[in-house]
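A.B. asks: I am attaching a structure below and will ask some questions about it afterwards.
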Amino acid sequence: MKVSLKYNFLLVTTIAIYLYNSKLIFDKVYETSKIVIDELFHIPQGLAYCKGNFSYWDPKITTLPGLYLVSAATVGSYFPCTSYNLRLINLIGSCFNLVLFSSMLKFIYGTHNESPLKIVLQALSLTLLPPLYFFSHVYYTDTLSLLFLLLFTRLCFVNNSNWLIFITGMGSVIMRQTNVVWVSMVLGHRMLNMLIKSSRVFGNRHLTKTTLNKRSVIARDIDASKLKRYYGINDVVVALKYHLSTCFTTAFKFISLSDWLIIIQQVSVLVSFMAFLYVNGSVVVGDKQAHKMTLHVPQLLYFLLFYGVFGLPYVITKSFSTLKLIFNNKVYVLLIAITFAIIVRYNTVAHPYLLADNRHYTFYIWNRWFGKYDFAIYATIPAYIFLLFNLYDNLKDQNCISFLLPYSVCLFLVLALQKLVDIRYFLVPYVILRLRFVRPSFNMVIGELVWYMLINVITFHLFFTKEIIWKDFNDIQRIIW
């Protein structure tokens, strides 16, 4: 069987199995709870748009109406406007995410450099990422937000489409405003890569051929003139010095017409968002008082814990080399420990929603650890340090500064300015990193898949069996991510 035929067969079979089993869980979720927390706002809004009432708007909703517009275009046009069908949009969307994950992984590893089975199983694992998978069964923005962002990224890097990039980029932002940061990351990655490579070419440092597959993102990120060493921060400094000395004139010679068309569309998305920001006066649409920008750097540390839990197979695989890395960098470890101690001492904050809403796992983590013991914020620092070095260990051999620098800046903007600790905020940053991890062995792929399935079994069991009574609600409340 040819590789492409085998891949397509595996992908279609996996989607069919995934959809069949997920539909069973989906029906059980619907039977258990007709309204899940924020669906109190989302479902009435979605039903209004679905029925053609575009003048209705709930002031508690913080996001732009992307989810509701998709609902109107799909359910509203062809199916009955019910909460069941609104939720079903996300389950169908998760199947498209599975396809896009698979396509992205094929591109990253190269068409002929990876087993089709490994690619499809990794795509399935990413679709089953527990918080993401749960929200594929309810009417939240996360699934379609990621769908549009993945489609935008795929068009930018894989297809180099000249006309759909703006549409999908705007679609991702209309789904969730913070996606504009990831749109800017894709632009920053392209521009920084272009600046470094053009400084090599026009600086009389000729690039040589690379043996890696030319369709591989890894190969594109390699500075082959340095024997396949990935770009580092020194290369950025050299490139900036060179382009400043030439007033960036040679940089523009390196950009093709196709590149210009892509860049213009990406910039257009950013300009459109800036116009929205100017008119709206805030990133969020509604409930602005509860979602003000607040410096909250410990969010980056909580993201490391998220990585530690959901990247566990990668954490374990690199644990010994991580310990060696820590042992060989004692001075850096000490400086990082001091920095983390200062951060948690002076910038640990708790949003009122975190303290009051016992329908989220974060409520229990906070109230039974971070908020309960004064020493907890300091006792977790060794875990932060280990996971930071471990994450670096998983990224260093496969990524260059043209990705890592824009990503780090965007990670700060997305997380460190949010007062509320919400697991959903970590989903897109983690998915981006997971796609860039070191190429896993087959055992790691299976380990990740089994790990996610185990977590999903536990969390869905809790959702189905754990009952929470709120006086303000007639319906029994459930615990979710």
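Even glycines carry a Cβ here, placed using N, Cα and C.
These figures come from a predicted structure and were not determined experimentally.
Feature table excerpt (TrEMBL):
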TRANSMEM  7-26  transmembrane segment
TRANSMEM  88-107  transmembrane segment
TRANSMEM  260-279  transmembrane segment
TRANSMEM  299-320  transmembrane segment
TRANSMEM  332-355  transmembrane segment
TRANSMEM  375-392  transmembrane segment
TRANSMEM  404-421  transmembrane segment
TRANSMEM  441-464  transmembrane segment
A.B. asks: Can you tell me which parts of the same chain pack against the transmembrane segment (299-320), counting only residues 6+ beyond its ends and a CB-CB cutoff under 8 A?
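C.D. replies: For the transmembrane segment (299-320), the list is 129-130, 340, 343-344, 380, 383-384, 387-388, 390-391, 393-394, 411-412, 415-416, 418, 421, 423, 425-426, 429-430, 433-434, 437-438, 440-441, 444, 447-448, 451-452.
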A.B. asks: Short question: which residues 6 or more past the ends of the transmembrane segment (260-279) have a Cβ under 8 Å from it?
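C.D. replies: For the transmembrane segment (260-279), the nonlocal Cβ contacts are 156, 160, 162, 165-166, 169-170, 173, 177, 180, 183-184, 186-187, 190-191.
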A.B. asks: The transmembrane segment (404-421): which same-chain residues, six or more beyond its ends, come within Cβ distance under 8 Å?
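C.D. replies: That would be 178, 181-182, 184-185, 188-189, 192, 233, 236, 291-297, 299-300, 302-303, 349-351, 353-354, 362, 366, 395, 428-429, 432-433.
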A.B. asks: Using a Cβ cut-off of under 8 Å, list the residues of the same chain at least 6 residues beyond the transmembrane segment (375-392) that approach it.
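C.D. replies: Residues 298, 301, 304-305, 307-308, 311, 314-315, 318-319, 322-323, 325-326, 329, 333, 336-337, 340-341, 344-345, 348, 369, 433 contact the transmembrane segment (375-392) from elsewhere in the chain.
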